[in-house]
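The structure under discussion appears below in the form of structure tokens.
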Amino acid sequence: MSGPHPRAFVVGHPIAHSRSPLIHGHWLAAHGIPGSYERLDVAPAAFPDFVRGLAASGYRGGNVTLPHKEAAFALADGLTPRAEKIGAVNTLVVGPDGRIRGDNTDAPGFCAHLDQSLGADWPARAGGTAVVLGAGGAARAIVVGLAERGAARILVANRTPARAQAVAALAPGIADAIAWDDLPAALSEAGLLVNTTSLGMKGQPPLALDLAPMPAGAAVADIVYAPLETDLLAAARRRGLAAVDGLGMLLHQAVPGFEAWFGLRPAVTPDLRDRIVADLGG
Ligand code: ATR
């Protein structure tokens, strides 16, 4: 790569908790790339000027986290079709012409994680029905990702039903909203269950769900990664179901950004995972 050392960032408010500098720092060191990945705290009022100033900043782009994902969507000069659909941007890339492209890498990140954990034929598991719990930004990305990968049917359940309907509308003809009370029947035909709610996260109530109706051979994925082993995943293991933790999505969503800014597609390796697990406190 010619020119000055490539620089990228993660921007949020607050930003101290972000693990992205650890992930990208690991890859920069592993590949001997003389670039940098910086943590930037930018308040919401200053974010529009931050994005407008990017072309002249010398940054090649960066990751966007809370609370700026929707603002980044509105401020980018162009969007990938995926980001357009999801309505939120977590990755910005400064083009050679100075235009800022917004992408959402949560969807391919989640799917790449399932590929690595379950094998690439996961969309066909148990007839291809996936049940998604929750209807926030993560659920939007995951429903778009599952539909892109050919899930035959997606059922979305959420505490607030109207939000589940809005998420299901992202995959017309494939996704439907269902009532939380209808989960036992939905689970009986589900090859994949994904928790995108904050239930099970440290400091939150556990997700209490009876997995008994799920068919043998089904998989359960949680996007919560603190703790790594949620009550939901423990229950899945006890039933002999495949259990997929939330850390992989965090690692895999970082891959497309690194490739765009630093010119090399990095791998999600066990040593990277171990490093983040150690940082999370075991
Ligand atoms: P994100 O963007 O990370 O997905 P979010 O938009 O805050 O986060 O969404 C959190 C999800 O967890 C929502 O689906 C929320 O349900 P509501 O849409 O009804 O708010 C769900 N959630 C959070 N706390 C919950 C609780 N105690 N019981 C059930 N669902 C809960």
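Including glycine, each Cβ sits where the backbone N, Cα and C put it.
Within G200, G203, G246, the residue that TrEMBL lists together with G134, A135, G136, G137, A138, N158, R159, T160, P161, A162, R163, I223 for binding NADP(+) is G246.
Cross-referencing Q204, Q253 with the shikimate binding residues that TrEMBL gives (S18, R19, S20, T65, N90, D106, Y225) picks out Q253.
Taking every pair among S18, R19, S20, T65, N90, D106, Y225, Q253, the residues recorded as binding shikimate, the greatest CA to CA distance is 18 Å.
Counting every protein chain shown, the Cβ of R159 (NADP(+) binding site) has 12 other Cβ atoms within 10 Å. Note: the Cα of A138 (NADP(+) binding site) and the Cα of D106 (shikimate binding site) are spaced 7 Å from each other.
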